[in-house]
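A.B. asks: Submitted below is the structure of interest, expressed as structure tokens.
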Amino acid sequence: MGGGRSETSALSGTGGGRGMTTTQNSQRPNACCFCWCCCCSCSWNEEERRRRRRRKRISQDTKMETIPNCEACTKPSMEEIRLWSQSFDKLMRNPAGRNVFREFLRTEYSEENMLFWLACEDLKQEINKSTVEEKARSIYEDYISILSPKEVSLDARVREVINRKMQDPTPQTFEDAQLQIYTLMHRDSYPRFLSSNIYKTLVHGGSRTSSES
């Protein structure tokens, strides 16, 4: 309540009703994004429109991040490929599975979700404090900042937690955000991945090779 009175006083000093309307309108789009308010005034539709405006830039960025940037792994066996369809956890625990899933996410302009998840996994392995701080800042700038073309979709509560933890970063700074993105990939992208040509080609290609041998 006190915050509301303070804002009204500040606005009233800018020139009456007209100044108040102008100030409120200029601040409204940033209320949720910059202050991370829990009211979540930025709707999912607004977020989706913003993401669509970034897709061309994201597409250009991800095209530059080609196969050499994927994780090193051995060629998956047919048994491994089939296991990926049993659960999302099995897919994500397998380096080759993550690479294939990442290629699928690229076709949906959501590769940043996997890149963020991998960056969080890397951060959790770090023990040097200065390196932790450096990597945490890099992750924030690349995937949390609303100015980044690879910003991931997080709710206001998680963003508020991250902002608080960034005052003294640790390897677990992004654990809530990582879980939210993991859940998003599981519920949203994973079912489409299993029905995609990328995965079906691997399954059918492996089946033909097995039958021919």
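Indices start at 1 and increase along the chain as displayed.
Each Cβ is built from the backbone N, Cα and C atoms, and glycine gets one as well.
Annotations in TrEMBL come from automatic prediction, not curation.
For reference, TrEMBL lists these features for the protein:
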COMPBIAS  1-12  compositional bias 'Polar residues'
DOMAIN    87-203  domain 'RGS'
REGION    1-22  region 'Disordered'
A.B. asks: On the 0 to 100 pLDDT scale, where does the domain 'RGS' (87-203) sit on average?
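C.D. replies: Averaged over the domain 'RGS' (87-203), per-residue pLDDT gives 97.
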A.B. asks: Over the span of the domain 'RGS' (87-203), count residues by DSSP class, listing helix, strand and coil in order.
C.D. replies: 86 helix, 0 strand, 31 coil
